[in-house]
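Q: Pulled these features from TrEMBL for this protein:
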- 22-43: transmembrane segment (TRANSMEM)
- 207-226: transmembrane segment (TRANSMEM)
- 232-256: transmembrane segment (TRANSMEM)
- 285-305: transmembrane segment (TRANSMEM)
- 311-331: transmembrane segment (TRANSMEM)
- 338-362: transmembrane segment (TRANSMEM)
- 382-413: transmembrane segment (TRANSMEM)
- 535-556: transmembrane segment (TRANSMEM)
- 562-584: transmembrane segment (TRANSMEM)
Amino acid sequence: MGCCGSSEREWKPLEDRSCTDIPWLIIFALFCIGMACIAGFSISTGAASRLISGYDSYGNTCGQKNSKIEGVELSGRDQTDNKYVFFLDPCNIDILNRKIKSMALCVSRCPDIELKTYTDVKKFALQNGSELCSYDIPVSKYPSHGERSKKCPKLPVPPSNSLPVFHRCTPVDISCYAQFAEAFVTFVSDNSMLHRVIAGVMASKEIIMGLCVLALVLSIILMVVIRYISVVLVWILTALVVLGSIGGTGVLWWLYVDHRTNLTDQTGTSPTPQQQVATDNVQALLVYAIFATVFTVILLLLLFFMRKRVALTITLFHVAGKVFTHLPLLALQPFWTFLSLMLFWVSWLGVLLFLGTAGSPVQSEEAGLVEYRISGPLQYMVWYHAVGLIWISQFILACQQMTVAGAVVTYYFTRNKSELPMTPIVSSMLCLTRYHLGTVAKGSFIITLVEIPRLILTYIHNQLKGKENACARCMLKSCICCLWCLKKCLMYLNQNAYTATAINSTSFCTSARDAFVILVENALRVATINTVGDFVLFLGKVLIVSCTAFVGVLSLNYQRDYTVWVLPLLIVCLFSWLVAHCFLSVFEIVVDVLFLCFAVDTKHNDGSPGREFYMDKALMVRRRARKPFCNYVSTAENCCPD
């Protein structure tokens, strides 16, 4: 597949478009067919009625006739009239295993009033025909039966309602789940606080939605105007770094001089443990001050010699903002990606739930209750389904990267911008679908190979928390960290490989090799863009969150009825950060694609006739300031389109 060649390739932007990595497209298609087969099997044999209607602790599905389960005396009952699942102790929740540890029964009606005694439970059963104790206990013996504490509901029975689709009787009072809530909301000390917080969220839901829309609008605006404020942000970053390093170094030297002066004043007295500690502190401060001085000097030298590369980052941000004005549909990419991921995740979760219902009934040894557990070949289906979650999710994200790369490459390497396609984004999507799905499938599979062991090690680490020794814990964390770093590096290389594919229409391995060579040749530029650019985008995210939070404080404070608006504000800040991250990540992709195009352009063109530059005027000025070229006036006019 062209992974091992080392000869220099000739870059031919937007020429000789052909299909790439067809074998990987076939493999991915077969894998998706396997996912579809699992979905069909789980839906056809997974007893979907058990998922929707629920089942009792004897294996009977509520709302239908049931077959006898061998060894379970109360199974095989006709539950046609009993359509709701009722838990005898709905508050008995196993937080670790995330399930209710209570006997479940099929009943014809959920208790809508509080039942304080077993006599009340008996009256409710006689009046409504809904038996709330185990099937082997007659209604007349509810108050006096010897096993009523195990086979009858825990008193008092709270009023409950059935869920709209899933027929489970759920207590009306959410304080029933206080234990479960404490596992997730540790700051809640009493039920009144929980009620106040939830009331604040529900009362301010219109403002929350409005602020989320505001964060969306601010993110779109920032992607357009960041071309104008990037200079200010970069100089703010530079000033903060310089002042912080010089100030920190000065403070350390001041502390060293001050402590040394105090120690000198005490030299006439007999040595004490306190003086020994003071001597050690002076030596430590001297080491810290020297280290900080060396670091500051190196940092200042780097900033001085890399100032031109920082200017290149600013210019790339400027050109990226211009790209968004020419390709406004780029701003919609996060919407399509998010929608695609949500549709896939919902369908994936539905198939997983159906797989769970396809298990075999197993009677527990402790309480003799029936549970449906996955065993045998179904376990391998679950693992296959889990791999599909990672691979297809990465495939969707890679499609976004390839689509953005294709549109930006078309914009960059089209000299006359009036000749651009009417919708470059749509053209890029069609090109991806026709030619490069195999490349995207291969790149996403490589990320999957790294992500799977990282998730397995993370799961093992969580399961062994508090049980393993310090050495094992350190090794696990180190492996997880290394795999995470490897994933990030591969994702960055993949993104540049997609850009190379969009330029040259080459396979994944060839594109990754060509992109890697370009990146190594421009290592300092890459480091500058990734550090300065990422920090500028981080400041942009902080700006969006700060503006949204400021408007949120004013809005929530104006509504005096909202006594608790801290949680709504946190929800808004979290959502605004996610929105800003989604949109600015597209901006980051555009900047990276522009840089690779710029590097290829400057490597293979020199501005002479027949080898004119494709770059924008702003990049041309930046390039001319770094190294004079474009000796021909006519050439400069042709290679610097607006």
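Count begins at 1; order follows the chain as displayed.
The backbone N, Cα and C atoms fix where each Cβ goes, glycine too.
Just so you know, TrEMBL annotations never went through curation; they're auto-generated.
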Q: Should the transmembrane segment (22-43) and the transmembrane segment (382-413) be scored as in contact, given a threshold of at least 3 Cβ pairs under 8 Å and pairs 6 or more apart?
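A: Touching, yes - the transmembrane segment (22-43) and the transmembrane segment (382-413) meet the threshold of 3 or more Cβ pairs under 8 Å.
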Q: Please report, as numbers and ranges, the same-chain residues at least 6 past the borders of the transmembrane segment (311-331) whose CB is under 8 Å from any CB of it.
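A: Non-local partners: 220, 223-228, 230-231, 234, 404, 407-408, 411, 417, 420, 423-426, 525, 528-529, 532-533, 536, 583, 586-587, 590-591, 594-595, 598, 616, 618-619, 621-622, 625.
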Q: Residues of the same chain, at least six outside the transmembrane segment (338-362), with any C-beta under 8 angstroms of its C-beta?
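A: Residues 38-39, 41-43, 45-48, 50-51, 59, 69, 72, 370-375, 378, 381-382, 385, 388-389, 392-393, 396-397, 582 contact the transmembrane segment (338-362) from elsewhere in the chain.
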